[in-house]
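Novice: I have a structure I would like to understand better, so I am pasting it below and will then ask my questions one at a time.
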Amino acid sequence: MADQLDRQQFERTAIAVAATIATHAAHLPPWLTAGLAAAIGLRLFARRRGSATISSWTRVLLTALLLVVVATRYGNVFGRLPGTALACGLLGLKLFETERTRDARVALCFSGFVLMSSLLFSQALSFSLFVGGVLVLILGALATLQPAPLPTRRPLRADLRIAATLLAASVPLGLAAFALLPRLQAPLWGSRDDGIGRTGLSETMAPGQFSQLMQDDSPAFRVEFASAKRPPNAALYFRTIVLTDFDGTTWTRRFGSDRGVPTPAARGRTFDYTVTLEATDRRWLPALDLPLFAPPGARLDDDQMLIAARPVNQPREYQLRSDVDTHAEPSLDRRERLPMLRLPSGYGPQARALAQRWREQAKDDQGVVRAALAMFRGSFTYTLSPPPLARDSVDDFLFGSRQGFCEHYASAFVFLMRAAGIPARVVTGYQGGWWSGDYLLVRQSDAHAWAEIWRDGSGWQRVDPTAAVSPARVELGAPDANNVQAWFGAEWLREVRNRFDAVNRLWTLSVVQFDAMSQRNLLSSLGISAAAQGDLLLMLSTVLGVAMLLAAAWAMRDTRARRGDALDHAWRGFRARLARAGVDDRAAEGPLDLRVRLHATAPDIARAVDPLVSEYVALRYGTAQPAASRIADLARRLRSVRLPRARRGALRRTGIQVRRVP
Amino acid sequence: MNETTHPPLRADLRDALARAVHQVNTVVLGKPHEVRLAFVCLLAGGHLLIEDLPGIGKTTLAHALAATLGLGFQRVQFTSDLLPSDIIGVGIYEREAGVFKFHPGPLFTQLLLADEINRAMPKTQSALLEAMAEGQVTVDGTTHRLAPPFFVVATQNPLDLAGTWPLPDSQLDRFMLRMSLGYPDRDAERAMLGASDRRDVIAALAPCLGPDRILELRQACAAVLASPALIEYVQALLAASRDHPEIRVGLSPRAGLALLAAARAHALLAGRAHCVPEDVQAVFPFVAGHRLGLGANARIDRTRLVAQLLEATPVR
């Protein structure tokens, strides 16, 4: 059966399918990935051995099993995660019934869909490139399936080259569609409801919670300052979440109390900048401490936190102005003061006692702060891998382990301040970053926690106890301060990674973030203003049409350039005309056989054509070097011979192939 | 179907050839195509392998050819105990002269019918095939030339394989054409059953050609024009056979030469001074069929494979 897949075709299909599933490996349950890999491997092995096909009962059973495990794992089969898990499973199982070319085509087309869905999970440059590579594999496998006139051995390189050519040829079209297709305000596939795969600051803080974050090198956001003046490194505190409530283990945000705190006034050095925030699926927006106003679509709450109206489920850009010297809220009334002093009962008796002692010894609040920082500076160590803490985390940390990083210090410090009667709160956010040319890259590993204490008269003031323990953390950033991550300290490696980020940023800015607004900007820069969506569609179809025409011209040029001289060309044209007259064109038929066939099926044509065939044979085969004049003459006659057009179909049906020449 | 301005053959030669073909056809009834192939093989200077069941007419064809061509004829029935010297000949000591004198075997003839060639042991097969390839044999250090034309018609029974040594692929390559005769059609069979004994018919045949004319025909055959376009077509066929996944070993350049030579002979028989693709197509199955090395688990038979190659290679 010509339709049966040969080994090469099946294997390339299977590899393309496996690669497609691999793009989902990051969020599929490991057992599913492993199971599918094993299934595909077994199938490849079985086909190589020439084992029998898999019965439909087994396939039905496997499909049912897949449905059941996906449903039990995720609770349902709808939604992004269960949906893709199911799609990957079905795609893998499809190979079990892939025996013929048609099955393989279906499998590969479905691969294309599953591959596209992997972009719902990540749109990073490197991942997109990976997806592009898999797409080449899929197209290459499709090219392998292409029926050849003869089954031939197909070198993989040749098929991949076809695939790459196809992909390259589709780039202009893709670009046109990218630039001109009307953009929706929200992503087509809705919001990222499940927030899987996002790391970042959470709205709570418990000891040890940051450890993972600190290892995460993915970009959190990028900051571009409007002027060349940059804030000093020590001022690069990006406040994000303010935590006020403590239950002995975990710091949480208090429930909003919108009293309408006046926005802070500019007092010292102000900076205008643009933040490009990676998707977080949460509503908070980081801002250089302290933002003076909220960007559109966000508000500044009582704790000077920027909160967006909707979760940031795609990269978001916003402009801000901050004053690094100002303090918020010049007054704190009783009602507000109390929550900032509240401590969980039954926790940290030693810490409370210590704070009381300081209170008695010190003249003022400043003295208490100094005493606390002095203690940290004295006998504490900064490490990203501290030992786990006991239930009473504050006492255990202060009087037991004495090892920790920002969140331990911030937590303990705020506890001590509150115990000493000073209103205090924890602020989490990011500190530092890496200057890449004209912008500052802040990674998740730059996450930081610090404290704010209330001072009568001047308001909330930032105190960073971590800085007391490890000044380098603030000056250089977490990765440098921490020798646990010494491997990461390889300078060139960081350099490479940081350079790569510059490319990544360009990708995010120009591709991932390309929305309706960017589209308008782009079009207006091209002199097309206020383009309505209908116009866009019109433009798109025009571009598509032109591209198609160009492609058609290109393809036709290709056939025309097929080997052959003027005589071949004339003869081919004549055979094409014959085909239109109802004599189907058989490439493998010689001219004499054609004449025999014509005599048998279309005597009227045969009479007219006879001398032409003789002349063609004489020129083509009767002499080594046909005279140009005779070729030209024959070509003219071949063009001008009258062929009937009416007898389509009838001839084709009666056409018998005669191979022998008497 | 005379396409050419120069007749390829002298009139007497052409007539003699036509008479010869016709005469063989009067003996071997209903097989004009196979008879033409036998003449193709003869004119192209190759050797013919006929693979068929016993009683189909292989021997009759060989006899008729020998009688019609006017060539010396020998028949060797190959058996498992046949030795090389049995066909080549042997040097015998002659007491009077005091020297070894070479007594030529049946090989020293012009048309040799090697019956059931696969029954002989490989050593004997290979002695014959060497003689076919070289046109000479060497015995006791002396080389003896075989007088041209030397034309071998070998037969083998493809079904009854017990106790045989099938010819290896490399040996099959020595045969320019391999064909089978097949059962005669109804009319031919009726004519054959109704007519007198074939042996009597053959005994009554008059030779139409002779060694000299055959050599002349062979020269004319080599002079048939194969235009660049035709050679390209032959090349395309060879390339297609090498690219086919079911084929382990594609056609060799020698196969290409044989194909071209056979096509020339076919054109000459058709009265043309040049080859057309139809000539190549007509002989291709018989030139290529036994030379294609199929893969170990090829799921296609040679006949279909050859047809597929022809079907897929565009004529130029």
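Yeah, the Cβs are placed from backbone N, Cα and C, and that goes for glycine too.
Values in this document were obtained by computation on a predicted structure and should not be read as measured data.
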Novice: Of A:28-45, A:406-423, which span is tagged transmembrane segment by TrEMBL?
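Specialist: Transmembrane segment, as annotated by TrEMBL, spans A:28-45.
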Novice: Could you please provide the mean pLDDT value for the domain 'Transglutaminase-like' (A:398-467)?
Specialist: 85
Novice: So what's near the transmembrane segment (A:536-556) in sequence-distant terms, Cβ-Cβ under 8 Å and 6+ beyond its ends?
Specialist: 169, 172-173, 176-177, 180-182, 528
Novice: Taking a Cβ cut-off under 8 Å, which residues six or more beyond the ends of the transmembrane segment (A:57-75) line up next to it in the same chain?
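Specialist: That would be 29, 32, 81-82, 85-86, 89-90, 93, 96-97.
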Novice: Which numbers of helix, strand and coil residues does DSSP report for the domain 'Transglutaminase-like' (A:398-467)?
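Specialist: Taking each residue of the domain 'Transglutaminase-like' (A:398-467) in turn, the totals are 24 helix, 32 strand, 14 coil.
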